[in-house]
Amino acid sequence: MYASREDIGYDFGDDSKVGSKPAKPNPNIDGGWAWMIVLSSFLVHILIMGSQMALGILNMEWLEEFNQSRGLTAWVSSLSMGITLIVGPFIGLFISMCGCRKTAIIGGVLNALGWILSAYASNVHCLFLTFGVTAGVGSGMVYLPAVVMVGQYFQKRRALAQGLSTTGTGFGAFLMTALLKYLCSEYGWRSAVFLQGAISLNLCVCGALMRPLSPKDVSEKYVVRSNSEDNKAKALSHSAETIKSNGPLDDELEKKEEATNEEVLDSVQHIDSGDKSRGGRNMYGLRILKTVSQLTVTVRKGFAIWYSSYFGAASLFTNRVFVAFIIWALFAYSSFVIPFIHLPEIVKQYNLSIQNNIFPLTSIIAIVHIFGKVILGIISDLPCISTWNVFLIANFTLVTCILTLPLMHTYVSLAVVCALIGFSSGYFSLMPVVTEDLVGTKHLANAYGIIICANGISALLGPPFAGWIYDITHKYDFSFYISGLLYMVGIIFLFIQPCIQKKQPKEKSTEEAQV
């Protein structure tokens, strides 16, 4: 295990932009408008992740309405959750070209449209397209910018800020479970889904709050980051040296694109002024040409940066610890999603519906989840505590709870395990922090997009797999056991790979000494 979070950090060339002169800190970093960004992200988590955590209510309604198998019906919820996360790398491309604000606003409209269209679905397959794909893509276009913006606006209190913003998932799961249950009982599931679509339009307001930092503000944050993490390059030097080539690569790319941009715009402006002298003919066409030229340069630049991050010489995949992180993410999220989707059915099988109606088990997970994120965030920000170690301990606790949950058959025992699941799953607030420590702020959008994409694959396959196992065995026990074991494999891989990486510089120095 690591003594500090810097032990797993990678530079990715951010130091190349750091000057020798001390920079005046921007008041909006760790304060000011940064807290509005936290509020925006908090509301996004309520409306997106909270709603998805409450889909167990709609899942039961769809089972009764369409009379399909549990495995097929579970695909609706899984598609929505999975696609929200799977589209992460592609949303990173949108962010590179359009910025977080525009991406989030477009996603809010698309998400609301998916909910509203789902109210008119005639079968499960229509829900695949409207609720699963349309609402899922819209959710992804809002979720990733909400996480990235918090990472950009905070330096000293990143874990706490991410913890506060992601508590919206817990609040949302608690509020949306009660809201959807009430709306379904009073108006039916179709009206409930329609009204939820209207509520989701507030995502556009959240996106409007995501005011981007200027390039000067971002560079100042790099200065603060490099000064506070002087020993980052000392750890894992082999992989760090490989990836540091990305700094010059990006600089050269930016210079080429800026030169192209200036040439195109200058030529258009020259033609523009010439036409003015000739009486202003074809001004409308020239303005269109100028706009298209600017858009083309922006798209090319955004795509080039996105492509170099994934497939270039300085690809994120050259970071071995980051690759281990991706493998962990492929198994982790389904173990958290499966209880939310199938707990209402499990409670019904155990004849615990009366106790569960008084205080639902999913609400217990959601409420404790809130405290878990905040407490783990506060602990991780302490100078003597390693974020990486807190992250690993929380993962081990969660997988233990997943493996023991099928052994509980009383409401009290299930409530205790669900409370532990909620608290330990608070490590979700640490995922952006760990990712930023691994790759740096500059590459956070693309890197975190890959991580949530892996989580999305896990969320996409997990609930249908559990439903399929139930259709065969008429029990959910094996679903929890298998997903828990796969989750344990991912944790072990995540634990072993950094230890191997840490030993490599020592072995290399020993060999050089012998020579």
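Every residue gets a Cβ built from N, Cα and C, even glycine.
Features as listed in TrEMBL:
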- 33-55: transmembrane segment (TRANSMEM)
- 37-502: domain 'Major facilitator superfamily (MFS) profile' (DOMAIN)
- 75-96: transmembrane segment (TRANSMEM)
- 103-121: transmembrane segment (TRANSMEM)
- 127-151: transmembrane segment (TRANSMEM)
- 163-183: transmembrane segment (TRANSMEM)
- 189-210: transmembrane segment (TRANSMEM)
- 321-343: transmembrane segment (TRANSMEM)
- 358-376: transmembrane segment (TRANSMEM)
- 388-408: transmembrane segment (TRANSMEM)
- 414-435: transmembrane segment (TRANSMEM)
- 447-466: transmembrane segment (TRANSMEM)
- 478-496: transmembrane segment (TRANSMEM)
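Through the fold, the transmembrane segment (414-435) approaches residues 5, 8, 147-148, 150-151, 158-159, 162-163, 165-167, 169-170, 322, 325, 336, 339, 343, 347, 352, 359, 361-362, 364-369, 371-377, 380, 387-388, 390-391, 394-395, 397-398, 401-402, 404-405, 408, 444, 447-448, 451 of its own chain, all at least 6 residues removed from its boundaries and within a Cβ separation under 8 Å. Below 8 A, the CB atoms of the transmembrane segment (103-121) and the transmembrane segment (189-210) form 3+ pairs separated by six or more positions in the chain. Stretch with the largest number of CB pairs closer than 8 A to the transmembrane segment (478-496), among 75-96, 163-183, 321-343, 358-376, 388-408: 321-343. Among 75-96, 358-376, 388-408, 75-96 has the largest number of CB pairs under 8 A with the transmembrane segment (447-466). Only pairs six or more apart in sequence are counted, and the transmembrane segment (163-183) with the transmembrane segment (33-55) gives three or more Cβ pairs under 8 Å, enough to call it a contact. For the transmembrane segment (33-55), the partner stretch with the highest count of Cβ pairs under 8 angstroms, out of 75-96, 189-210, 321-343, 388-408, is 189-210. Among 75-96, 189-210, 321-343, 388-408, 321-343 has the largest number of CB pairs under 8 A with the transmembrane segment (358-376). Using the rule of three or more Cβ pairs under 8 Å, pairs at least 6 apart in sequence, the transmembrane segment (75-96) is in contact with the transmembrane segment (321-343). Tertiary neighbourhood of the transmembrane segment (388-408): same-chain residues 1-2, 5, 7-8, 328, 332, 335-336, 339, 372, 376, 379-380, 414, 416-418, 420-421, 423-427, 430-431, 434, 437, 476-477, 480-481, 483-485, 487-488, 491, 494-495, 498, selected by CB-CB distance under 8 Å and a gap of 6+ residues from either end.
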